[in-house]
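Have a look at the structure below before the remarks.
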Amino acid sequence: MEIYVFSVIVFLPSLFMASFMAASAGNFNQEVDLTWGGDRAKILSGGSVLSLTLDKVSGSGFQSKSEYLFGRIDMQIKLVGGNSAGSVTAYYLSSEGPYHDEIDFEFLGNLSGEPYTVHTNVYTKGKGDREQQFHLWFDPTKDFHLYSVVWNHQRIIFLVDDTPIRVYENQESIGVPFPKNQPMKLYSSLWNADQWATRGGLVKADWSKAPFTAYYRNFKANACLWSSGSSSCSLKTTSSSTNNAWQTQGLDSTSRRSLRWVQKYYMIYNYCTDYKRFPMGRPRECRLSKHF
């Protein structure tokens with residue numbers, strides 16, 4: 001049984017100030033397509049808010065109109081409140097095909113009063129199995145919170161309210177694949193996964209509490225757009241503007257301390273320390289990575 005315990009109170013300093021940009025109120029009508037679920041997916045308030053709903057019949061989803069090959073992707077999300085057991089809110093970048101690349105945030109619902117599980121994964125050439133899971137230091141259903149992916153040539157950084165929770169380094173030098181050649185779209189969906197999502201499927205969705213709804217706003221993609229086989233970044237010279245800081249973004253001393261804090265107090269699963277799962281030896285990237 002997962003227990004939601006906060007043993008310390010820590011003031012989180014502002015992170016990544018050099019590259020942080022205030023999220024603009026992007027218009028979902030212009031930036032995404034509602035792809036499935038019928039009227040369970042809705043664009044509201046003139047395009048400034050999007051909602052996805054799950055009921056017993058179906059979930060719903062959307063995807064970005066654009067493809068990206070490296071960038072910083074930001075979205076503010078307010079997750080399903082109350083008894084969200086069995087539901088999964090997925091928010092991820094992905095290419096297409098059996099050998100696709102993918103960068104995942106998934107939010108696994110729970111019973112009322114119990115914490116969400118934040119599930120992260122990185123797929124390269126169709127292979128994932130690089131899971132890390134976390135609880136959060138706040139209730140993600142009470143208000144909107146910022147969930148971001150920084151994806152550059154050196155690393156992938158998962159951030160929550162600009163706090164890094166995970167870093168996946170480029171370790172191609174030791175033979176570990178890194179997503180760098182396949183452009184990806186942003187996808188999000190709200191769907192029923194009660195066969196596994198909450199306590200391994202022991203807790204099922206309570207459909208008497210349906211419909212379940214998640215809300216989105218302030219989608220921002222500061223990224224290299226991919227179109228007709230070429231990247232928009234190849235047409236520009238490198239700039240020192242903070243708008244392009246994501247291209248070399250890493251962790252400074254303050255953000256490294258915050259990452260260690262999150263991993264110490266809120267990480268609940270790390271494939272790199274699951275020795276039973278890998279009796280022949282841990283994956284190569286786990287042996288050398290500073291951040292797992």
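All positions are counted from 1 along the displayed chain.
Each Cβ is built from the backbone N, Cα and C atoms, and glycine gets one as well.
As given in TrEMBL:
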type     : residues : note
ACT_SITE : Glu102   : active site, nucleophile
ACT_SITE : Glu106   : active site, nucleophile
DOMAIN   : 22-216   : domain 'GH16'
CARBOHYD : Asn110   : N-linked glycosylation site
SIGNAL   : 1-25     : signal peptide
Query raised in the report: To the nearest whole angstrom, what is the C-alpha distance linking Asn110 (N-linked glycosylation site) and Glu102 (active site, nucleophile)?
Result: 25
**Report entry** Reported mean pLDDT - the domain 'GH16' (22-216)
**Finding:** 94
**Report entry** CB within-chain contacts under 8 A for Glu106 (active site, nucleophile), separation at least 6
**Finding:** Val88, Thr89, Ala90, Tyr91, Tyr92, Val118, His119, Thr120, Asn121
Report summary line: Same chain, |i - j| six or more, Cβ under 8 Å of Glu102 (active site, nucleophile); the result in sequence order is Tyr92, Leu93, Ser94, Ser95, Asn121, Val122, Tyr123, Gly128, Pro179, Met184
Report summary line: The number of other Cβ atoms within 10 Å of the Cβ of the residue listed as 'N-linked glycosylation site', counted over all protein chains shown, is 22
